[in-house]
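Annotated in TrEMBL:
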DOMAIN    78-491  domain 'Major facilitator superfamily (MFS) profile'
TRANSMEM  72-95  transmembrane segment
TRANSMEM  115-133  transmembrane segment
TRANSMEM  169-191  transmembrane segment
TRANSMEM  203-227  transmembrane segment
TRANSMEM  239-259  transmembrane segment
TRANSMEM  308-330  transmembrane segment
TRANSMEM  350-369  transmembrane segment
TRANSMEM  376-396  transmembrane segment
TRANSMEM  402-423  transmembrane segment
TRANSMEM  468-489  transmembrane segment
Amino acid sequence: MAAQKQPSEVTTAVVVTVDRDVAAATRKQANNVVSRADVDNLRDDPEAKAAFLSTFTAEDEKRIMRKVDKRFILLTGIMFMIKQMDVVNAANVKVLHVGTPSNILKELNMSPNQYNWVASIYGIAYIVFEAPSNLLLKKMSPHNWQARIFLTWGIITACHAAARNRHQIYVLRFLLGMFEAGMFPGVIAQYSSWYRTDEMGRIVTYYFCFSNIAGIVGALLTYGISYMNGLGGLSAWKWVYLIEGIITILFSGIVWWYLPDYPKSPSSNRWFSEREQEFIETRLPENAPLTSDPNFSAKEIKSILGDWLIWSFMLSQTLVNLGGYALTWYLPTIVTNLGFAGLPRNQLLLLPPASAAILGLIFSAWFMGKAWIVRPAYIMFIMSGMVICFVLFFTIYSRIGIYIACVLGTVFYQSYFPAFWAWRSATLSGSTGTAFTLGLQSGIAQLGGVVGPQLFQSKWAHNGYKTSFAIAASFQIAGWASNLWTWWLTRNTEYDVMRVRRLANKARKEGKTNFGDDIRIFEERVFYEGVRKVNGERREGEA
């Protein structure tokens, strides 16, 4: 498929010569941190980079990045939506025809405590396989690897309908987590190859909007399928898994055909001209992955494991997930127990939390794009809202009050992640480093998915799980403190991101794409000595 013809002012050839000595010196500096191929890139020569970017107008940039958006937003959004439907439907089917012989707990002869392991075992598989799966992303190429992920998990999802006891469902949930592992961090790693860190908030917001659409689609799907109970001799919960599995299998073909790999990969020629591909990769900051990077670098992994940042970000995300997964997993049961609606209309009460979360995500994207404050500051506001909602869960008894807290708690929890992943992207380095960091962090953070559901033991049901939510709230408070610590570690980089974003916003208003400066990661600028603000001209390590 030939590349589309572009307007003449964009396709006009502009010769920009890379100074090989400067490029070699830049690669040598970068090689102290990451592994780079011995290939001259415009990004390695600051003057050549500036000269090349200055040949593009703000309208050119908008048009090219709109093409990138068209390739990623809808496709990766649906990918995430299907993944999240696995999560929400496991919780939804628990209350599908609850109290009747066709309910999943009755058919599989499971207690509520035993069913909690459906989520926990799924999370254990993620912890084990997330990082190894993501390390194969570049070698196998994203479109091949993600298509494999969807095909195998679709098959396993459909097999859930054949489960006859809890042991079989446990095995299937572990296999599902194993085959799904790598999907989420793989997409975030790809974003880092196509988008700047100051743009990540917007693109990740779209990604998480589809996650919340999954809550709406999952609830409506479960509600609709509830009327298929007994059709073909199958209970409704079996139809949920069978239909979802078939959809996932068919979607794997779409992923294989339409998902791009990297800006300068051969497959990108289908959608972007050579000049556009060069622009997309050249405009990225120094730490962003390159198409020419090696498939694997042990040096990058060793460097990451010796850095405090991987552990601080991991702790922050894990603590937030410990509380957040508890809410996500038990939200259908909470809403059902409130007694506002009978079966199966109880599923429809899940729509307001998901809908409100989408509105919160849209606001987050707009707010972060303005760069009025650093991203961690915005996260601390979100975390404060989460803490308040979780405290309300175990301190109030009003049904309406608890439902409102469910809605707001979902809004704050979902709004946390676009800001968090955008913040995390600023300090990712290299192709292997990016893939390993995202895979390891995302995997370990699934401890929230393992532990969260176990908080809701039957022995604590007598008072509406107040004890469970008190424990979840303590995790959120600890998460608040951990995010504050991580902000301290990244305060200079995040101020630099905000500063450059402001410069970019100003340049684009003037019709330019080259704003004359960019974020430094390998030798970060120093804007703060302790808590004291300085000018930011010095680099880390200078006196």
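Every residue gets a Cβ built from N, Cα and C, even glycine.
Heads up, TrEMBL stuff is auto-annotated, nobody curated it.
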Under a criterion of three or more Cβ pairs within a distance under 8 Å and sequence separation of at least 6, are the transmembrane segment (308-330) and the transmembrane segment (468-489) in contact?
yes
Between the stretches 72-95, 203-227, 239-259, 350-369, 402-423, which one has more Cβ pairs under 8 Å with the transmembrane segment (169-191) than any other?
72-95
So which of 72-95, 239-259, 350-369, 402-423 has the most C-beta pairs under 8 Å when paired with the transmembrane segment (203-227)?
72-95
Between 239-259, 350-369, 376-396, 402-423, 468-489, who has the most Cβ pairs under 8 Å to the transmembrane segment (72-95)?
239-259
Under a Cβ pair cut-off of under 8 Å, which of the recorded stretches 239-259, 350-369, 376-396 contacts the transmembrane segment (468-489) most often?
376-396
List, by number or range, the same-chain residues at least 6 past the transmembrane segment (350-369) whose CB is under 8 A from its CB atoms?
88, 92, 201-202, 205-206, 208-209, 212-216, 218-220, 331-332, 335, 375, 378, 406-408, 410-415, 418-419, 422, 501, 505
Where does the mean pLDDT land for the domain 'Major facilitator superfamily (MFS) profile' (78-491)?
90
